[in-house]
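Colleague: Quick one: the structure is below, questions incoming.
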Amino acid sequence: MIPAVLPTYNRAPLEFVKGEGSWLIEKDGRRFLDLGAGIAVNALGHAHPALVTALTEQANAVWHVSNLYRIPQQEALAQKLVDTSFADTVFFTNSGTEACELAVKMARKHFSETPPERTEIIAFEGAFHGRSSAGIAAAGSEKMTKGFGPLLPGFKHLPWGDIDAVRAAIDTRTAAIMIEPIQGEGGIRPLPEADLKALRSLADEAGILLIFDEVQCGMGRTGRLFAHEWAGIAPDIMMVAKGIGGGFPLGAVLATERAAEQMTAGTHGSTYGGNPLACAVGCAVMDHVADPSFLDGVCRKAGLLRQKLEGLVAQHPDVFEEVRGTGLMLGLKCRVPNTDVVKAAYDALLITVPAADNVVRLLPPLTITDDEIAEAVSRLETAAGHVEPAPQT
Ligand SMILES: *Cc1c(COP(=O)(O)O)cnc(C)c1O
């Protein structure tokens, strides 16, 4: 019999009843150190006092009014994002995949008035843009699209990071290039800075739009507010979600005035998107994460974690192959099945997240302490000692 909850997830038999900072407490009382952060969502950890205050104060004032009226919390959050990024304007969604929907719509709308009508979007193998129809069509993998056709047309899929293929693929129908600066679900695969720069140049030369999906790698995760800042370039449109709500459902599309110029009244909407509760929390998240000293702290802690992980990989070459990623968005490429490592980590009371390419993702709260980093790596060592090692070759 089908369960009451549609069984689209393979869930671990864990039930967390409380969160405190970097810790999740299971129903039976066990304390798990959380290096998953709800898949890069709990940027400020669990039950951060500033977020609890922002949420409860707003809950006592007004929860929801709809976008038929001005929403000061939404205007404040948009202004914070505009002030700290390339963007001139922001639309709020409830999730990453809704941000993908708008990014696609915006890119197409941009070219709808000026011939030639460009509708095609270049995307990449191994990408993840969420589970909406545009999101799965953009990713294109069989795993996500099989049985869901006919798919939204207009996506061209190229090998991950193949700049020559992008150059060759751009033609008079191309509207945009859509890419994650660091693939998350795809296995923590960063695009080299030179390639990000090359994509910017190619888009400029062709007069097309560059769309970055920073749903996972944005909001301070890499030690900059947005991951593309490391490359010294900016997109025209960017999708954000996950960390921006710190656990409250919230997403956003950031855009330049030029990219967004066709998005006039009536062209897009959302009942919930950017409601007072979500944006009150989003403002509190931004006040912490966009602070340069907070981001410096992320960089410093990321260095510490990375150094310890390199040691772990060196000590367990039969379990791990390498550490990869940027900032506190790190992946351990495994020689054994990554799910074995994730399970062994659960037994060591440590939460990690599997990704494609046989990678175990480490996405701790950005507020993790030095002691917690040391404790996490010690628990990973315990886990590595308990998995069946890969056969010697
Ligand atoms: C998680 C994710 C999404 C989808 O976000 P949802 O909130 O689950 O819809 C899109 N893009 C990237 C890069 C993601 O990591």
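Glycine is no exception: its Cβ is also placed from the backbone N, Cα and C atoms.
In case it's useful when we look at the structure, here is the feature table from TrEMBL:
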- G96, T97, F128, D213, E214, V215, Q216, T271: pyridoxal 5'-phosphate binding site (BINDING)
- R131, S270: N(2)-acetyl-L-ornithine binding site (BINDING)
- K242: N6-(pyridoxal phosphate)lysine (MOD_RES)
Colleague: Tell me, if you would, which residue among R131, K242 (recorded positions) has the fewest other CB atoms within 10 Å in the structure shown?
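Modeller: The recorded positions R131, K242 were compared, and R131 has the fewest Cβ atoms within 10 Å.
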Colleague: Whole-number Å distance between the CA of V215 (pyridoxal 5'-phosphate binding site) and the CA of R131 (N(2)-acetyl-L-ornithine binding site)?
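Modeller: So the alpha carbons of V215 (pyridoxal 5'-phosphate binding site) and R131 (N(2)-acetyl-L-ornithine binding site) sit roughly 13 Å from each other.
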Colleague: Using C-alpha positions only, work out which of the recorded positions R131, K242, S270 is nearest to G96 (pyridoxal 5'-phosphate binding site).
Modeller: K242
Colleague: Does F128 (pyridoxal 5'-phosphate binding site) have same-chain partners at least 6 apart in sequence with Cβ under 8 Å from its own Cβ, and which are they?
Modeller: G135, A139, E180, Q183, G184, E185, G186
Colleague: So among T97, D213, E214, all listed as binding-site residues, which is physically nearest to S270 (N(2)-acetyl-L-ornithine binding site)? Use the C-alpha atoms.
Modeller: T97
Colleague: Taking the Cβ of E214 (pyridoxal 5'-phosphate binding site) as the reference point, list residues of the same chain whose Cβ is under 8 angstroms away and which are at least six residues distant in sequence.
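Modeller: Residues satisfying the criterion: E180, P181, F226, A227, H228, M238, M239, V240.
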Colleague: With the Cβ atom as the reference point and anything under 6 Å counting, tell me which of the binding-site residues (D213, V215, Q216, T271) are near ligand 1.
Modeller: D213, V215, Q216
Colleague: Least buried of the binding-site residues G96, T97, D213, S270, T271, going by other Cβ atoms within 10 Å?
Modeller: T271
Colleague: When you look at G96, T97, F128, D213, E214, V215, Q216, T271, which the record names as binding pyridoxal 5'-phosphate, what is the longest CA to CA distance in angstrom?
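Modeller: Result: 25 Å between the two most distant Cα atoms.
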Colleague: Quick check for the class: what is the C-alpha distance, in angstrom and rounded, between T271 (pyridoxal 5'-phosphate binding site) and R131 (N(2)-acetyl-L-ornithine binding site)?
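Modeller: Distance between the two Cα atoms comes out at 20 Å.
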Colleague: How long is the line from the C-alpha of D213 (pyridoxal 5'-phosphate binding site) to the C-alpha of the residue listed as 'N6-(pyridoxal phosphate)lysine', rounded to the nearest angstrom?
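Modeller: Between the Cα atoms of D213 (pyridoxal 5'-phosphate binding site) and the residue listed as 'N6-(pyridoxal phosphate)lysine', the distance comes to 11 Å.
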Colleague: Within 10 angstroms of the C-beta of Q216 (pyridoxal 5'-phosphate binding site), what count of other C-beta atoms is obtained when all protein chains are considered?
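Modeller: For Q216 (pyridoxal 5'-phosphate binding site), the 10 Å Cβ neighbour count is 29.
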